[in-house]
Amino acid sequence: MGRKSLYLLIVGILIAYYIYTPLPDNVEEPWRMMWINAHLKTIQNLATFVELLGLHHFMDSFKVVGSFDEVPPTSDENVTVTETKFNNILVRVYVPKRKSEALRRGLFYIHGGGWCVGSAALSGYDLLSRWTADRLDAVVVSTNYRLAPKYHFPIQFEDVYNALRWFLRKKVLAKYGVNPERIGISGDSAGGNLAAAVTQQLLDDPDVKIKLKIQSLIYPALQPLDVDLPSYQENSNFLFLSKSLMVRFWSEYFTTDRSLEKAMLSRQHVPVESSHLFKFVNWSSLLPERFIKGHVYNNPNYGSSELAKKYPGFLDVRAAPLLADDNKLRGLPLTYVITCQYDLLRDDGLMYVTRLRNTGVQVTHNHVEDGFHGAFSFLGLKISHRLINQYIEWLKENL
């Protein structure tokens, strides 16, 4: 073997080593998933390197790369797409072109991205909104919100809430031809967090007379108190969303102070005065038995009250919807929840399903045995189309 052949062989082995990740047997299209993961891993590694050099914040590097995937608000043969502002928050509105004798459904969608990255303009979210508007014959509002690290909680929550309240005004609904009795909210990941949080907040808002008919939460992040759930342990290094990245997202939501991130990773961020909150996220009593699988529940390690005083957001129900008491949950609308087996956020969704059902809320739970975080969003994968079809069919029947 010549030098050139040997060199190519070594390079090929290194590339294969970088790309290859062992995956469960029931996961479809494993090599396509590995390629996508290698792309994301490369971005993450570059972002880490740039941050170490002091040139750019880690999340800002992610945003720069993501901006190349943004598309303009362009109408097509089926859907009219416009970009406007709802209460100073930039949104995209998708309206079917075909005539309708009746008022249409309305769906308010919130993108994911760990409260730090993402946009309604990303091609995947744009395409999802088009499909939903066309197939559901619905007006879809896809909202933006200000992002960390420049903006921290509660800014993201407030932006989404203010845009939603604007949409729920009678004259706005009339402008877009939306039936005020058929409005729903949806979001994925951090967007699912925000969807759950603002839906709870609406229950206490006397100024909003129009109520949501449904909420649809796609692998939502619902609490930062316990980041050592069975799903975190099982999927800490799974594709697309690792434990270290998720904890970084959570901490950046509240502050750029990395001490919160370190405390979260060691489970020493919750002060003993807030110990009563753990009953809302106690997986030993809230997870179905088959998801516990021999995991042993350990009592929390309490930290000092200093972090909670500096950054109280991580104990705030508006950031952690699982911390809502049963009286609040009891008033929530019909709910659809997607959870994925190979997702570290799986148990957040499972616990929310249990708590909602325990308070009498009607819940449709779609647990995806071959699913993973991002399965709904990577539109080049077969599983994404399957989940979107199931999602839209549920909306057709219930919204």
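If you go along the chain as it appears here, the first residue is 1 and each next one adds 1.
Every residue, even glycine, has its Cβ placed from backbone N, Cα and C.
Quick look at what Swiss-Prot lists:
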- Ser189: active site (ACT_SITE)
- Asp343: active site (ACT_SITE)
- His373: active site (ACT_SITE)
- Cys116-Cys340: disulfide bond (DISULFID)
- Asn78: N-linked glycosylation site (CARBOHYD)
- Asn282: N-linked glycosylation site (CARBOHYD)
- 1-5: topological domain 'Cytoplasmic' (TOPO_DOM)
- 24-399: topological domain 'Lumenal' (TOPO_DOM)
- 6-23: transmembrane segment (TRANSMEM)
* Tell me, what is the mean pLDDT of the topological domain 'Lumenal' (24-399)? -> 95
* Compute the C-alpha separation of Cys340 (disulfide bond) from His373 (active site), stating it in Å without decimals. => 7
* Given the recorded positions Asn78, Cys116, Asn282, Asp343, His373, which one's Cα is the least distant from that of Ser189 (active site)? -> His373
* **Neighbourhood of His373 (active site) by C-beta distance under 8 A, where only residues 6 or more apart in the same chain count** => Ser189, Tyr219, Asn235, Phe238, Phe240, Leu241, Cys340, Tyr342, Asp343, Leu344, Leu345
* In terms of DSSP three-state secondary structure, what is the assignment for His373 (active site)? -> coil
* Asked: Do you know offhand how many angstrom separate Asn282 (N-linked glycosylation site) and Cys116 (disulfide bond) by C-alpha?
  -> 27
* Structure fact -> Ser189 (active site) has its Cβ surrounded, within 10 angstroms, by a count of other Cβ atoms equal to 28
* DSSP-derived structure type at Ser189 (active site), helix or strand or else coil -> coil
* Asked: Within 10 Å of the Cβ of Asn282 (N-linked glycosylation site), how many other Cβ atoms can be counted across all chains shown?
  -> 14
* Structure fact -> Students should find that the Cα atoms of Asn78 (N-linked glycosylation site) and Cys116 (disulfide bond) sit apart, in Å rounded to an integer, by 32
* **Fewest other Cβ within 10 angstroms of its own Cβ, chosen from the recorded positions Asn78, Cys116, Cys340, Asp343** => Asn78
